[in-house]
Amino acid sequence: MEIDPSLVEIWTLYTIATLMIAARVFCRTKLVGVSGYRPDDYLAFLAWALYTTACVMATFYAKVAKGRHTSLLTPEQRATMPESEFYVWEYGSKNFVAGMSVYAMIVWTMKFHMLFFYRRLVEGQWVEKFVFPVMGLVGATAVAIVLIITLTCRPITLMWQIRPDPGPNCVPQNKIYFIGILVMNVTTDFCIIAIPIPVISLVRASIWRKTGVYFLFSLGVFIITAAIVRVVLIFYPKGGFGPAAMWSIREDFVAIFVGQAPMVVPLFKKRFWRQSTHKFTPKSSGQRSEGHELSNGPPTNNIKKPKDPYSLTELGLTHVTNTTRHSQNENTIIGKNSHKKLAVTVQEIAASSDCTSPGAASGDHNKTLTSDGSRRGLDIETTRDEI
């Protein structure tokens with residue numbers, strides 16, 4: 001039995017996408033628990049369900065319809081086709097229209113998915129104010145696509161009618177569908193990609209880490225390219241199931257892969273695997289960043305808990321702002337008995353020196369007095385510029 005290479009590619013991409021989503025779910029659940037899920041976490045489940053549907057439909061389209069739909073019929077073929085062949089062409093056309101709808105649902109789901117992620121990524125930065133307007137634009141284009149699909153050909157059953165010929169707008173492969181979807185797809189993608197660029201361009205990091213981040217965001221350009229190539233190949237098909245339909249699957253796959261890649265970054269950090277339990281703490285009124293905290297055992301005031309792993313800081317990037325530039329000019333003291341840096345401003349030392357005891361001043365470098373006079377240990381931790 002000959003194996004269809006298109007089907008092999010479909011299910012290979014599906015397997016990789018499923019593993020990426022599973023890794024993301026594992027990572028997020030371990031870090032924040034189910035109670036700490038955010039909208040993009042739930043949208044990942046929806047995207048996986050839709051992608052599963054798309055792959056199953058593509059398999060039936062290749063095996064049953066053999067890539068046939070009414071857009072490929074000439075007027076002569078419609079007039080002379082025996083009714084016994086109607087079923088295959090009608091089935092292929094129905095599958096094509098449904099598959100196009102599922103494709104659009106996946107792409108637009110991933111747009112919202114990335115926007116909710118970017119909202120966390122750039123929280124507190126000036127570009128954050130653009131997230132909700134772009135969400136509104138994406139939502140408006142989604143409504144426009146629904147109207148295009150339902151109103152271009154009425155009734156929609158004419159899409160799979162063999163004869164009489166319903167006209168150029170009542171075929172699954174009509175330009176109103178594809179050009180309209182392409183324009184809105186590319187426009188919204190450019191708007192989404194533009195949100196983090198001003199922030200990412202101002203970060204300090206190693207050349208390799210920065211290259212990796214730029215590469216990740218540049219994959220959004222590939223999604224745009226895939227969308228354009230898909231439309232070109234649909235109107236200039238190469239035969240059979242062909243590359244046109246495969247580009248729909250590929251574009252969906254890349255959108256899912258890019259959406260999950262930043263979420264699995266903590267899997268490659270030693271700190272992630274050292275955590276045995278999680279504890280999600282809602283953002284307090286005084287915090288600027290969203291806290292996804294972890295703890296091992298009873299909570300204490302002296303244990304620094306990790307921040308949201310999907311902020312610029314936790315991705316290993318230090319954002320260059322006026323605040324961080326000012327903090328660099330502050331004097332710091334390095335704990336002599338620690339391999340890590342203890343960052344203390346001169347003002348804090350002056351304030352604490354007024355209330356230290358003689359014993360503490362003489363030789364206890366790691367002790368200070370709290371406001372109630374009790375002695376406590378200073379937290380020794382790696383200095384990080386936090387946003």
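Cβ from N, Cα, C; glycine included.
TrEMBL entries are annotated by machine, without manual review.
Taken from TrEMBL as is:
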{"type": "COMPBIAS", "residues": "373-387", "note": "compositional bias 'Basic and acidic residues'"}
{"type": "DOMAIN", "residues": "24-270", "note": "domain 'Rhodopsin'"}
{"type": "REGION", "residues": "279-308", "note": "region 'Disordered'"}
{"type": "REGION", "residues": "352-387", "note": "region 'Disordered'"}
{"type": "TRANSMEM", "residues": "6-27", "note": "transmembrane segment"}
{"type": "TRANSMEM", "residues": "42-62", "note": "transmembrane segment"}
{"type": "TRANSMEM", "residues": "96-118", "note": "transmembrane segment"}
{"type": "TRANSMEM", "residues": "130-157", "note": "transmembrane segment"}
{"type": "TRANSMEM", "residues": "177-200", "note": "transmembrane segment"}
{"type": "TRANSMEM", "residues": "212-233", "note": "transmembrane segment"}
{"type": "TRANSMEM", "residues": "253-269", "note": "transmembrane segment"}
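Of the candidate ranges 96-118, 130-157, 212-233, 253-269, 96-118 contributes the most Cβ pairs within a distance under 8 Å of the transmembrane segment (42-62). Only residues 6 or more beyond the boundaries of the transmembrane segment (177-200), in the same chain, are considered here, and those with a CB under 8 A from a CB of the stretch are 100, 104, 107, 111, 114-115, 118, 121-122, 125-127, 130-131, 134, 137-138, 141, 144-145, 148-149, 152, 213-214, 217, 220-221, 223-224, 227-228, 231, 234-235, 312, 317, 319.
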